[in-house]
Amino acid sequence: GILSIEQLISRVGVIGVTLMALLSGFGAVNCPYTYMSYFLRNVTDADILALERRLLQTMDMIVSKKKRIAVAHRTMFQRGEVHNKPTGFWGMIKSVTTSVAGSENLSLIQQEVDALEELSRQLFLETADLHATKERIEYSKTFQGKYFNFLGYFFSIYCVWKIFMATINIVFDRVGKTDPVTRGIEITVNYLGIQFDVKFWSQHISFILVGIIIVTSIRGLLITLTKFFYAISSSKSSNVIVLLLAQIMGMYFVSSVLLIRMSMPLQYRTIITEVLGEL
């Protein structure tokens, strides 16, 4: 029926799985780009100093032009006080033409100031970006940075492999019968030729892996949504944002349960399938 658990979860799962796919795609691109040294551009102290020098020169030009505007305003104000009552017809014409010419000059200088202020903002952002890149270069030389660099290459290859296998499964309508942990342990045991209880250890390792996936995925979701909500939040929209976050978390959790079945052994996967229905 329309109100059955299977129908409701299937509709919630469409939105939740789409959200998970978007976040996974963002993470798959952003994480290697952030931690891999391959994507770091070479930034030297000379580049930073040159850009900071340009920024200081731009600020000096802005200050000098604003000073010219202030001096011109003061001069016009003093002239207005001195020649408050122009005498005769030619005196009135002279005061009008002088003020018009002065106002046009000030408007031109103000346009130059606005352009320089926009340039200074861009230079400041570029300077901050260079400092951040320099810090990333220094971090990549540490042990932890090299470790994350290795993980970036590893997960990039793993991501390409998952895309390839998912495409094959969709084209040929295949469904995996063995979870990745059990399959990996079987391949390792057969390759090394050791005695190992695959069934016992695969259950425990699968559940540990599922727990890690749940914790890290929900943590990543909360961090991403928090950054997004900070950017758009205000005093009027706080209640709406909290409600939206609760809705997204619910859909995300249901979708996690739907997708995590493939990381579990077959007998436990069957139990979840019986509860949720043939989704």
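In case you wondered, yes, glycine gets a Cβ from its N, Cα and C as well.
Feature list (source: TrEMBL):
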DOMAIN    4-69  domain 'Golgi pH regulator conserved'
DOMAIN    139-278  domain 'Abscisic acid G-protein coupled receptor-like'
TRANSMEM  12-35  transmembrane segment
TRANSMEM  150-172  transmembrane segment
TRANSMEM  207-232  transmembrane segment
TRANSMEM  238-260  transmembrane segment
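The helix, strand and coil residue counts that DSSP assigns across the domain 'Abscisic acid G-protein coupled receptor-like' (139-278) are 116 helix, 0 strand, 24 coil. The predicted model assigns the domain 'Golgi pH regulator conserved' (4-69) a mean pLDDT of 83.
Taking DSSP states H, G and I as helix and E and B as strand, the domain 'Golgi pH regulator conserved' (4-69) has 59 helix, 0 strand, 7 coil.
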